[in-house]
Ligand code: 13P
């Protein structure tokens, strides 16, 4: 019987990034403007890209998922649809009925052994449906708009031993906690990225899972580049590409026609995504 994972787009994209030594931008998307900007940027830069939705989308409206899936299907370059931070089995089962290429089985709010057990079981199920999986050994600090708040739980750095155990569950992508923080933490001077730890995690994950980066809100270009050099194959971005758009919308809503608000807003996101494609080195890779 054919392996349902054989043609998984997300695995192919991130394996190619690993081999090519570049990173793929994963854009947290909340609306049409963000999704349109991902497609426009990827096509303009001849770059692979990923559209990331949070579980919020499942509850808000399935139409957002269909829109993102249509964007991936009609784009002239490869674009993957990923569900980020799915935190309950119920949401994951629901998500598996939509055309996601990959789903983050985020059980990091459970204790280590439970996280591992759930990740392994759910990964088997998703693989049988041809959907790739991502997991978070340890626990990345901070929170996000669209993800259930687990901010009362302490962050836990990923160890090499945990990374080994997690890649042995069969996951495709591993999101390490090496000092990175989700959401608004006020600037990189407030965090300490442990690149030595990342090195160890990378060799523990070698040849089994690709590494993916979370928590990039205030990253200067050189830090993003260092993360890609350290093995990150997909770099999740949220405010990093949305902050200009958010400011523009806040200042112009009700003052300019809606079509202008959407059009200029989309351009502002596209410019930031294109910049990140240059920084991560994915420009011209397709
Ligand atoms: P932040 O940079 O806001 O954490 O968003 C990107 C991310 O990691 C989403 O999972």
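Cβ coordinates are placed from backbone N, Cα and C, and glycine is handled just like the others.
Annotation comment: TrEMBL describes 84 as active site, proton donor. Listed in sequence order, 26, 28, 52, 53, 54, 104, 106, 147, 236 are the same-chain residues at least 6 apart in sequence whose CB falls under 8 Å from the CB of residue 84 (active site, proton donor).
Residues annotated as Zn(2+) 1 binding site in TrEMBL: 85, 182, 214. Of all Cβ atoms in the protein chains displayed, 29 besides its own lie within 10 Å of the Cβ of residue 85 (Zn(2+) 1 binding site).
Applying an 8 A CB threshold to same-chain residues 6+ apart, the list for residue 136 (Zn(2+) 2 binding site) reads 104, 106, 107, 108, 115, 158, 174, 175, 176, 177, 214. Look at residue 136 (Zn(2+) 2 binding site): DSSP puts it in coil. According to TrEMBL, the Zn(2+) 2 binding site annotation covers 106, 136.
Using a 10 Å radius centred on the Cβ of residue 106 (Zn(2+) 2 binding site) and all shown protein chains, the other Cβ atoms total 29. Other residues of the same chain near the Zn(2+) 1 site, with their Cβ within 8 Å of the Cβ centroid of 85, 182, 214, are 84, 106, 136, 140, 142, 144, 147, 175, 215, 236. A Cβ distance below 6 Å to any atom of ligand 1 is met, among the binding-site residues 106, 182, 214, by 182, 214. Listed binding-site residues: 182, 214. The one with the lowest count of other Cβ atoms within 10 Å of its Cβ is 182.
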